[in-house]
Amino acid sequence: MKIISSIKELRDQLRGQRGIVFVPTMGNIHEGHLSLIRLAGQHGERVVVSIFVNQLQFGPGEDFVKYPRTLDRDIEKLQQENVYMLFAPTEQDMYPSPQEYQIYPPHDLCYTLEGKFRTRFFCGVSTVVMKLISCVQPRIMVFGKKDYQQLIIVRQMCEQFALPVEVCAAETIRDADGLALSSRNTYLTPSERSEAPTLFRILQHIRSTVLTTGHRDFTKIELSAFQTLIERGWQPDYIAIRKRANLRLPQLHKEHEPLIVLIAAQLGKTRLIDNLEI
Ligand code: PAF
């Protein structure tokens with residue numbers, strides 16, 4: 001695996017190569033990332049992974065400083081996989097001058113759900129992803145469904161800018177008790193870790209309520225789940241049943257449109273997100 005940090009060297013190395021499959025990450029590589037990388041490997045031989053903790057997508061008071069940076073261990077894990085190149089730029093490599101040109105996704109998608117609580121997040125993600133695409137020039141990019149809103153926003157950005165890249169979605173990887181894998185799980189204390197799978201159980205309960213009872217009063221379902229989380233000591237930000245295609249509110253009479261339930265809640269000092277397709 002080649003390890004590259006500067007954009008210039010990356011361009012020199014990748015010049016003329018077609019069919020690159022790209023997996024952008026912020027490092028602290030776990031089984032979730034490895035599943036994205038293995039899916040990438042099914043789409044082509046030249047898998048490029050990036051590791052860059054992107055300051056632009058963190059708001060003030062968020063965990064940019066304490067975000068786990070484990071480059072040496074990440075490299076060891078990536079070397080076990082079929083990764084052609086790791087692009088691990090420094091802040092200076094990626095943003096040699098302040099990034100004043102940025103991507104602003106459409107308001108209704110950017111400032112709902114996650115974006116309501118993390119107002120810089122999707123501008124920061126879209127901007128860095130656009131820049132990474134420009135550097136790596138992949139044919140395919142793999143994103144996890146765990147960050148579902150991110151997946152939808154990046155996919156729409158690529159479509160609207162007619163970027164010659166296909167966005168491929170990978171399933172969420174969970175621990176045996178249902179907790180979705182995330183770098184932020186490392187912040188959980190042992191007792192919080194045993195409570196954390198509640199999030200997935202609530203998603204499953206909502207899914208089966210909608211599917212088995214045909215219950216369409218989504219606000220009531222969301223409120224009841226919200227209450228359950230509060231009673232168990234969580235601070236929920238949102239629990240929302242939305243249209244899977246664009247995350248807009250579902251139309252109640254359209255029974256067969258694909259839905260998704262998304263959740264974000266804080267447990268102690270750790271904020272977790274998850275979702276489940278209905
Ligand atoms: O999902 C992530 O890890 C990040 O948001 C991404 C896509 C690598 C952009 O920094």
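From the backbone N, Cα and C atoms, a Cβ is placed for every residue, glycine too.
Per TrEMBL, the features are as follows:
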type     : residues                        : note
BINDING  : 26-33, 144-147, ILE173, 181-184 : ATP binding site
ACT_SITE : HIS33                           : active site, proton donor
BINDING  : GLN57, GLN150                   : (R)-pantoate binding site
BINDING  : GLN57                           : beta-alanine binding site
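The structure, with features from TrEMBL marked on it.
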{"residue": "MET26", "record": "ATP binding site", "CB count, 10 Å": "17"}
{"residue": "ILE29", "record": "ATP binding site", "CB count, 10 Å": "23"}
{"residue": "GLY32", "record": "ATP binding site", "CB count, 10 Å": "20"}
{"residue": "HIS33", "record": "active site, proton donor", "CB count, 10 Å": "26"}
{"residue": "GLN57", "record": "(R)-pantoate binding site", "CB count, 10 Å": "21"}
{"residue": "LYS145", "record": "ATP binding site", "CB count, 10 Å": "18"}
{"residue": "GLN150", "record": "(R)-pantoate binding site", "CB count, 10 Å": "20"}
{"residue": "ILE173", "record": "ATP binding site", "CB count, 10 Å": "18"}
{"residue": "SER183", "record": "ATP binding site", "CB count, 10 Å": "19"}
Candidates HIS33, GLN57, GLN150 (recorded positions) - the one closest to SER183 (ATP binding site) by CA: HIS33
GLN150 ((R)-pantoate binding site) to GLY32 (ATP binding site) - Cα separation in whole Å: 16
Cα-Cα distance linking ILE173 (ATP binding site) and HIS33 (active site, proton donor), given in Å to the nearest integer: 9
Reduced DSSP assignment, GLN57 ((R)-pantoate binding site): helix
Annotated recorded positions MET26, ILE29, HIS33, ILE173, SER183, filtered by Cβ under 6 Å to ligand 1: MET26
Distance from LYS145 (ATP binding site) back to GLN57 ((R)-pantoate binding site), taken between C-alpha atoms, in Å: 18
